[in-house]
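Here is the structure we will look at, set down as structure tokens.
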């Protein structure tokens, strides 16, 4: 099983507002950058999209260390998801889970991989986190300025 290192980030100019996501995948000394955006989104949706797109890009089962500065994503997938599924996609308070379609997509994308979800403090000098932050912000800016390519 291949070992892959993944770094993800999402960005939103306003919340909601133009959004961008980015991922950096590293395997065996090679790197691949992924990035995209949406004209209107939220920061949480973009954080989820970064992880989803990174995992959906992989064509075979892998051992992954996925770094995210989003506690929402890390806690959602590692702690909250089992309860949401048990309660038919309701929170502990009985409200519908926000971004359910993205959580379901992320859950599906995780099934064939072994993933170690690691939280990294954002904007704290981690070079890979800073790199995906710039890529995601550039995508959000491109969405805002009408020059998006994705």
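Using N, Cα and C of the backbone, Cβ positions are placed for all residues, glycine too.
Among 9, 95, only 9 appears in Swiss-Prot as part of the Mg(2+) 1 site alongside 47, 69. Residues 9, 47, 69 make up the record's Mg(2+) 1 site, and a Cβ search at 8 Å around their centroid adds 8, 10, 11, 46, 50, 68, 70, 73, 122, 129, 132, 133, 136 from the same chain.
Cα-Cα distance from residue 133 (Mg(2+) 2 binding site) to residue 9 (Mg(2+) 1 binding site): 6 Å (rounded to the nearest whole number). Residue 69 (Mg(2+) 1 binding site) falls outside any helix or strand according to DSSP and counts as coil.
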